[in-house]
Amino acid sequence: MNGTEGLNFYVPFSNKTGVVRSPFEYPQYYLAEPWQFSVLAAYMFLLIVLGFPINFLTLYVTVQHKKLRTPLNYILLNLAVANLFMVFGGFTTTLYTSLHAYFVFGPTGCNLEGFFATLGGEIALWSLVVLAIERYVVVCKPMSNFRFGENHAIMGLALTWIMAMACAAAPLVGWSRYIPEGMQCSCGIDYYTSRQEVNNESFVIYMFVVHFTIPLVIIFFCYGQLVFTVKEAAAQQQESATTQKAEKEVTRMVIIMVVAFLICWVPYASVAFYIFTHQGSDFGPIFMTIPSFFAKSSSIYNPVIYIMMNKQFRNCMLTTLCCGRNPLGDDEASTTASKTETSQVAPA
């Protein structure tokens, strides 16, 4: 084995020279230079500085403006809540541990940080599944004139949290475990060892199949059908021009969210899968650290995409920030842009 396994950790560094120490007790400067840990800390600080205000503003603006409290927006707000969990439960912890170059909070802190990071990522993924299904049902109309209402949104929210908890909570109750990964300053699922005592291999397979592959298959199926339907409707002029435009804008926004999710999480999932299928192989701490920390940026992109591509929300945000006045003079109440009949989201 080219790494060193302990009771509750796996360090990707051979202990032939006797330098490996527990990542819960000693700085890990034998894994990377001090400046590299400082870079990680600076990156986490940036995510906190950007992630908290963006996601908090998303929630606050929605509370302030009743017109934004629509069924589809419930799912988008769900992402903001999950991102705030990641910021406070994960990013602040990782910032502190990066400054010390080891996981100073011990195994319990590792469990909490790993839980919040996994929970946030899974809520984001299952929220995108719900959005994809909503777009498919509304635009493709497999169930005639189905209207995505408040009850459907609540059921969608429940699904995202149930599925996310089914994944993130399992290591806390003995199915797999959370351990420090990469440069040992953040925690995640144990992809590195078989760990028979906690049935680690079965959990990793379960996670990749149920909580990654199946959601992506659903998403790609829904959008494949959706693209075909939108093109067909446009060719046959089955919908009014304003309705088609609104549906296309909302669909484009959600598709961009999906693409952004893939960009952030596929590198991490790919590296994790490689490590899992090549346990004991030689790889350095940076190999897992970069995709792991890159995936954490997912807490920022969804609200940014939403703000940039949703004219109604953008105008409400400017009105809130500017004490009741929109400096662009584009009052949402007077805009003639049509909303989709189901999602009630105005096009950008």
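Keep in mind that glycine also has a Cβ here, set from the backbone N, Cα and C atoms.
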Same-side flag (membrane), ARG69 vs ARG314, source Swiss-Prot: yes
CYS167, CYS185, CYS187, CYS222 - which one Swiss-Prot pairs with CYS110 by disulfide: CYS187
Collapsed DSSP category at CYS187 (disulfide bond): strand
CB contacts for ASN15 (N-linked glycosylation site) [other CB atoms within 10 A, all chains]: 14
Region pair the transmembrane segment (37-61) / the transmembrane segment (253-274), three or more CB pairs under 8 Å: no
Rounded to the nearest Å - Cα separation of ASN2 (N-linked glycosylation site) and ASN15 (N-linked glycosylation site): 9
